[in-house]
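Enquirer: So Swiss-Prot lists the following for this protein:
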ACT_SITE  SER157  active site, nucleophile
ACT_SITE  ASP323  active site
ACT_SITE  HIS356  active site
BINDING   ARG227, ASP357  substrate binding site
DOMAIN    51-360  domain 'AB hydrolase-1'
SITE      ARG325  site 'Important for acyl-CoA specificity'
Amino acid sequence: MPAAFPPDSVGLVTPQTAHFSEPLALACGRSLADYDLIYETYGTLNAQASNAVLICHALSGHHHAAGYHSVDDRKPGWWDSCIGPGKPIDTNKFFVVSLNNLGGCNGSTGPSSLNPETGKPFGADFPVLTVEDWVHSQARLADLLGIGQWAAVIGGSLGGMQALQWTITYPDRVRHCLAIASAPKLSAQNIAFNEVARQAILTDPEFHGGSFQEHGVIPKRGLMLARMVGHITYLSDDSMGEKFGRGLKSEKLNYDFHSVEFQVESYLRYQGEEFSGRFDANTYLLMTKALDYFDPAANFNDNLAKTFEGAKAKFCVMSFTTDWRFSPARSRELVDALMAARKDVSYLEIDAPQGHDAFLIPIPRYLQAFGNYMNRITL
């Protein structure tokens, strides 16, 4: 990290923790008696509290979306390319809130937190969560911060699903919804990928039925495999071909099953190794189930247009040409439903070779379109 922060950075940020003691009823039929949500804010809330923007994170995301926690940080927050002075989500204009969702493993109450009833980590006993549960908890955070209505709720992938759910559950509290590289529900193939990832974790002997913390271990192999499978789906065939091709790590083949021979193998193992050291296995299970369960149209006889009839927000939907995890066809399905419901909707399909992860990458056309939409939001 250079001695001075870039001029378009939000600079040093300090996470804050909000404690909630009012029980939160969950879709699974259980409730949490009390819980914490860790969050960060960027920019300044105006006197009318009309410039607040909520950032909803994807599966492995967290509250640290922009800026730096220390001058020694090697990298800024995960969406730093989009949040800051003069960036698409301009902190000179907006007050930005980014949190780690309930069930997460970065400071909000989740499976790795201590269960006050037992004095041990919740582990697998932590209740299964849904996107709507998250939205309810986010609404409580908004209340705490004095935000009656969001100028915009924004998210990519699973974050986009949360943004969509906000317009359904709290239609009066969202003026703009930006759903990026997202979908109105998972396809069978997507559910299948999630199940393979879960089985990698569940069948790891070190998982111990979710109580691995009590045994002083982590299901590292299962987490690595889950991340490796997931990461393949976040990239496109073209981007993998361009980045790795059939390149070898050494000059010759070893003719065995143990060596890391291809560059792509090395990359996947690195991603799995890094992920297994920072992410909680039970949280991974929770996040993938929340993805699987998201299907708001199920409450409206599978009529997606009817699902959004009560929404009052304006919508911006963006997709990427090579995203096969949440393909442009899924975004167009959403756009068609919104138009059928007579909603104000903008749609852009961005030509990008990076696959699903493109929403995290500073692609010029993407940033320009993103910024142009945000500039049109009146406060």
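Just so it is clear, glycine is given a Cβ too, placed from its N, Cα and C backbone atoms.
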Enquirer: Taking every protein chain in this structure into account, which of the recorded positions ASP323, ASP357 has the most other Cβ atoms within 10 Å of its Cβ?
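Expert: For the recorded positions ASP323, ASP357, the Cβ with the most other Cβ atoms within 10 Å is ASP323.
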Enquirer: Could you list the residues of the same chain, at least six apart in sequence, whose Cβ is under 8 A from the Cβ of ARG227 (substrate binding site)?
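Expert: In sequence order, ALA197, GLN271, GLY272, PHE275, SER276, PHE279 meet the Cβ cut-off.
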Enquirer: Could you tally the C-beta atoms, other than its own, that fall within 10 angstroms of the C-beta of ARG325 (site 'Important for acyl-CoA specificity')?
Expert: 22
Enquirer: Including all protein chains shown, what's the count of other C-beta atoms within 10 A of the C-beta of HIS356 (active site)?
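Expert: I get 24 for this one.
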Enquirer: Under DSSP, is HIS356 (active site) helix, strand or coil?
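Expert: In three-state terms, HIS356 (active site) counts as helix.
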Enquirer: Cα of HIS356 (active site) to Cα of the residue listed as 'active site, nucleophile': how many Å, rounded?
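Expert: Their Cα atoms are separated by 8 Å.
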Enquirer: Need one number: mean pLDDT over the domain 'AB hydrolase-1' (51-360).
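Expert: Overall, the domain 'AB hydrolase-1' (51-360) comes to a mean pLDDT of 97.
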Enquirer: To the nearest whole angstrom, what is the C-alpha distance linking the residue listed as 'active site, nucleophile' and ASP323 (active site)?
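Expert: Roughly 11 Å, rounded to the nearest whole number.
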Enquirer: How many other Cβ atoms are found within 10 Å of the Cβ atom of SER157 (active site, nucleophile), counting all protein chains shown?
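Expert: Within a 10 Å radius of the Cβ of SER157 (active site, nucleophile) lie 27 other Cβ atoms.
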